[in-house]
Amino acid sequence: MELGGSSRSTSQVRKRPRVKGNTESASYGQRLQFYTVPPVENISLQEFEQFAVERLKVLNEIEKVGAKHLKGTANYKKAITDSLINLRRCLTKPVKHWDAEDSRWDYISHFILRLAYCRSEDLKRWFMTQEMDLFRFRFCNEDAESIEDFLRSNNLNYQPISESEKNELRFKLSDSTFDMTTVKVSGTEFYKVPFTDALDIVRARRCYVKDGYAYVPHHDLVSLVLTSYRLHLSHALAVTSRAVPHLEEDDRLLPMLTSLSKRYLGQDYNNKKSTTGEVTADMVNGLSEKHFPLCMRQMQDHLKQEHHLKHGGRQQYGLFLKAIGMSLDEAMRFWKMSFAKNIDADKFDKQYSYNIRHNYGKEGKRADYTPYSCMKIIMSNAPAAGDAHGCPFKHSDIDMLRQRLQNLRVNKDGIDEISDFVKRGHYQLACGKYFEVTHPKHDLVDFSPNHPNQYYEESVRIESGVSKEGSTETPKSQRSKSFLPIKATPNTPSTQCSTQPSTQDESFDDIILSAEDMDKALEGVESC
């Protein structure tokens, strides 16, 4: 795949063999794919990133739906269909009804994410799980002719057994096959395959096994295909991971590929006007009890108790406060008041004021830093002992998290549901469930916040009585059984859509004198 769009001169870029191709000549076929042959065509960097972000959104939705619904059920299929219609409508239709651009997007975007998600075992596992769930959904939407064409083109020679063999085994087939009767056996095609090709079905005891062969009914054919797809994709990712470090790249692609797994895909809160107007230092405590997500409330409670936050906490919390409407002057006042018990004004000005001004773009390279997204909080800078930042659903011990939720009067049912999401690694869904039980008047369906500021804005909107569409409503005064309101006391212990790339890269700091560098230099001076 050749990339265009570089502004560098040819003298600046090392000459190397170039793969040629174009949209018109590239053919991706009108059928389901195992994605065996890499695409060959010219593509701009802008389109490269756009395709990657669009497919990443699709896979994220697949993951969310799979965490909330039992796979294969009618509710699961409906939820996926509803989600994909808003993202990529073609995925809800049989492939033969796609146009050439749909097929091109599907093929290229898969290979782009294969490059991005081959770098670690965790990334490979996540990518394979979501791609296989997407493939299963699409396979079940195809008609018999398309499935037959797909099997033939991929050399999956699954031949149904003869009628005589089926009649001979009909009682054993009906007794051993899930949801099967002798009447259904006569109208169902069965495939005789080595049992090692149908381990998922055999493990679930959903088919008849004889002499090392499994007799798989037609409606479970997708399991056989998925086994082949899993083997192919696993091998392809292994090969790709060995090839990526040797890319003859001029530093355009690799940073983009590396950041894709942590990419925030939601609204940009950097320059967005606050929905609550200016937030003053005196308002923070009240807002934290009513509207802050648990990660921010945790830091506010820690700050009230300890009168100090380490650098990671100041960065995460300070940028969040900035985005909800706190000005630089109010931020200086807030932090000075919060630290006053342990640090005098002169020491504060010397050690901490630069960091605050730096976050507002008034020092260093004068970059206007964006607040952290949920993905950035979850995937980077895990808290150490004594830290209060991070995601409490990701970084807290499960027993400590349950105790924390009990202190906030979330009842056992709500705690159990949240804990279940946490144990399965769905931290943003756990946060969405926490939002639901603490906002009984909410009008959101399957809310899963992608950003702490999104959580805050939705909470403020619900309290103000504004509907999702923007009209003011008067919701019924009903209280959730999962939550009883309580005010936090000062002694309360502390314990994840714009597709355009950001104009600045948060991962790079001021090389000469950044806030982080200054804080590290002063780390020995602080009494942390």
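Using the three backbone atoms N, Cα and C, a Cβ is placed for every residue, glycine included.
Under the heading [4Fe-4S] cluster binding site, TrEMBL lists CYS295, CYS374, CYS391, CYS431. Per TrEMBL, the feature compositional bias 'Polar residues' maps to 1-12, 472-481. As annotated by TrEMBL, compositional bias 'Low complexity' applies to 489-504. The annotation domain 'DNA primase large subunit C-terminal' is assigned in TrEMBL to 287-456. Annotation source TrEMBL lists region 'Disordered' at 1-25, 462-506.
Taking the features listed in TrEMBL, we show where each one sits on the structure.
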{"residue": "CYS295", "record": "[4Fe-4S] cluster binding site", "CB count, 10 Å": "27"}
{"residue": "CYS374", "record": "[4Fe-4S] cluster binding site", "CB count, 10 Å": "25"}
{"residue": "CYS391", "record": "[4Fe-4S] cluster binding site", "CB count, 10 Å": "27"}
{"residue": "CYS431", "record": "[4Fe-4S] cluster binding site", "CB count, 10 Å": "29"}
